[in-house]
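Taken from TrEMBL as is:
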- 99-206: domain 'Plastocyanin-like' (DOMAIN)
- 266-401: domain 'Plastocyanin-like' (DOMAIN)
- 540-672: domain 'Plastocyanin-like' (DOMAIN)
- 1-26: signal peptide (SIGNAL)
- 729-752: transmembrane segment (TRANSMEM)
Amino acid sequence: MKVKHVFVDSCYFLIVLLEFLASVHGEFNHKVVPACGKNAEVCKFEFDIRYKFTMVHYSNGISTPVVIRNGTMVKRSVFNSREFAPLTPEELQEILTVDGTYKLIYSINGEFPGPAIVVYEGQTIEVLVRNHLSNEVFTIHWHGMHQRNTPWMDGASMISQCPIGPGQSFLYRYKVDPRGTHWYHSHQGSLRGDGLAGPLIVLPREERAHLPTVEEDFIVVIQEWSRNKSSIENSEIHYWNMHVYADDFTCTSCYEVTHTFDGTGMGMEPFHSALINGKGHHYPNGENNPLNPELPLETFRVKPNRHYRFRIINIAMYYSFRFSIDEHSLVIISTDGNDVEPESAQSVIVSSGERYDVLVKTKENPKKNYYIRGENMESKTKHEEPISPGVVKAVLQYENAQGKEPTTKAHNCTEDNKCKVINCPNRQYPEDANIECMSISELRSTQEVIGKHPVPTTTKGQSMREDFLNFHFTSADYAQTYPDPLLKASINGHVFTFPSCPLQSTYGPQADTCINECKPEECARGTQCRCSHILNYEDTPLGSAVQLVFLNIDSRRGATDHPIHMHGHSFHVLKIAFPDVNITTGLVTNFTQDIQCLDVECRYSLWANEDWANGNIPGLNLDNPPLKDTVVVPRGGYVVIRFYLQNPGFWYLHCHMDAHLVEGMALVIKEGHHNQHPKPPKGFPTCGDFTWSLDEFKDIGKNSKGLLGLTQISMDDDNKPEETHPREVMIVLALTALLGTSVFMICVFLTCKYIVKKPCLSSYTYSTFYNDKANSYGST
């Protein structure tokens with residue numbers, strides 16, 4: 001019996017020792033610190049992508065689970081799973097605590113989120129990415145970078161490059177542009193939700209005028225966190241329309257999509273928790289009752305009567321978050337890296353892919369600390385029953401303030417003191433919410449931004465290329481029920497499928513042969529079209545202005561808002577139109593009447609008023625509209641954007657809700673002719689389909705016979721190796737394994753008894769560690 005338990009604990013020890021040799025780095029640095037001086041021409045970085053467990057301590061190749069006992073985080077003994085050891089403050093900083101759950105993630109240099117890249121505008125960066133994973137392939141997309149002259153460095157898998165395979169490395173090199181708050185993330189499948197993401201900050205050469213000097217510059221990375229399923233598994237659930245099983249395949253508690261206050265679908269997967277810079281709490285019984293209050297929250301230390309800049313980046317897979325700081329106001333000064341005129345508010349809603357920079361003025365004589373909070377937009381169930389929004393918290397900690405844990409509450413919005421919310425995805429909140437909404441289209445770009453990026457316009461008599469793109473769910477039979485087993489995310493009824501080779505790096509006309517063509521007869525009304533959807537501007541001269549109208553006309557229950565991201569460009573948001581709503585309840589009553597749909601799903605559309613054609617739309621801001629690369633298209637409404645065709649290449653345009661992207665809500669913009677596209681560097685990796693003929697196979701067989709004949713001639717009786725019988729080999733292997741096992745067990749026994757001086761007995765197994773429900777939250 002002793003031997004059995006020694007063997008169990010020893011196996012556990014060996015597995016955690018050998019399975020992951022992860023870097024000990026763990027804590028994310030939220031301060032903006034440049035990696036290179038202003039005069040540096042090139043800044044170099046190295047990314048090592050490895051597996052890593054959350055709530056596990058790594059040290060010198062030894063990995064030990066962390067649990068919470070009596071309100072304290074401790075680590076299990078390596079030799080005895082029922083023995084515990086305290087953690088030093090340094091060790092605590094190295095642990096990826098997330099919300100207390102154990103989960104295998106992807107780390108970048110041992111960190112989660114990935115380390116911040118901070119450089120100055122105009123610098124060239126080199127990032128050498130090494131894939132140490134055993135199964136996954138990925139790319140790194142530099143979200144917000146225009147990649148002018150380097151479109152094959154955009155990092156969109158099978159659009160700009162082949163994915164990076166296990167054991168491979170890839171060197172990204174490009175000039176950073178534009179400046180501002182951006183980020184990077186995997187663009188292969190759904191890996192970004194499990195760790196492959198981090199901030200990318202491009203600092204200006206000169207500080208912006210007419211803004212107060214900031215004491216410090218902080219990064220806020222916000223995301224939802226799934227309990228144990230990987231982001232890939234969650235995406236597949238949505239791809240196969242198994243939404244009701246999103247929480248449990250046994251359907252003991254079938255999941256139903258939650259809604260915002262206006263009836264828009266929100267919770268595509270059950271909200272478990274969320275993180276700010278990799279830290280958070282799980283609140284199963286309300287936001288005042290975290291499951292493990294001992295877990296650390298991200299803490300931003302400030303001084304009284306100072307200004308601080310917070311760079312908010314939403315890297316979530318699904319959820320938008322309303323960001324605020326209790327009893328403090330925010331001043332929005334930038335969005336997606338582009339400056340806007342300062343706008344004060346109590347909160348700002350940040351959707352997946354978006355970034356907002358805000359200034360916060362600290363209090364003059366604070367006596368306490370305050371919560372920083374992000375609330376998702378959940379408001380009610382499918383059956384109109386009210387629910388509390390999911391929440392994530394961090395701490396604004398004042399210098400010398402009394403007490404560590406804040407007790408503050410969110411802003412109290414009253415009829416006499418209404419709260420202002422920026423970037424509302426809907427026209428207004430319910431009347432009794434006492435909230436004033438400000439659309440993102442109402443923000444105003446600074447004169448400097450407009451000077452560098454003038455609004456595209458046309459002179460009298462000129463025409464402008466205009467395209468209508470409806471982001472919606474399509475079905476082969478136009479089914480109006482939800483969910484529909486044939487329902488797929490699409491743009492104009494086209495479900496995107498990847499080309500067989502990367503369009504950008506397969507230089508020249510050959511790229512066209514990789515495209516799964518959208519054939520008119522297969523994409524007609526009443527069919528579900530799956531193809532490599534290309535929005536082709538190759539015959540539109542470079543330098544031309546283009547107007548896109550993003551629609552969200554989808555009457556199916558559970559339809560959502562869509563955050564739309566365009567690669568390789570920033571665009572001017574000229575107008576956002578919302579559906580009609582009930583003033584009292586905030587519920588949507590009618591979709592916009594400005595659009596005429598030519599079929600049931602609005603795959604084909606135009607302006608209801610033909611006088612609006614050619615850019616003559618009333619209500620456009622052509623003077624100083626905000627410049628963005630990601631914008632939310634409200635359900636039942638539309639967004640009008642413009643940009644110039646001045647960056648030749650293939651550019652991905654897609655919904656940034658991951659399940660929608662994976663399902664096919666995407667297309668590729670082809671800008672310029674092939675001969676206008678920059679050529680990829682010499683030796684750039686290629687990939688694609690392969691086939692060969694039967695005749696080629698037979699020819700190889702003929703050649704092989706000749707070679708075999710030569711081999712047989714040389715293998716005469718004097719040169720033949722001595723014959724070895726399989727039985728003899730098996731006996732030798734068995735004896736070797738038995739001897740090795742015996743020596744190993746003796747060594748473990750002697751180590752436990754005479755060196756560690758602790759018993760080697762335990763019924764706790766490696767499988768128990770990962771399957772025990774109680775331990776899934778780091779408690780015993």
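Numbering starts at 1 and runs along the chain as displayed.
Quick reminder: no glycine exception, Cβ is built from N, Cα and C everywhere.
TrEMBL does not curate its annotations; it predicts them automatically.
Here the domain 'Plastocyanin-like' (540-672) has, by DSSP, the following mix of helix, strand and coil residues: 9 helix, 57 strand, 67 coil.
Taken residue by residue, the domain 'Plastocyanin-like' (99-206) breaks down under DSSP into 7 helix, 47 strand, 54 coil.
The helix, strand and coil residue counts that DSSP assigns across the domain 'Plastocyanin-like' (266-401) are 0 helix, 64 strand, 72 coil. For the domain 'Plastocyanin-like' (266-401), the model gives a mean pLDDT of 95.
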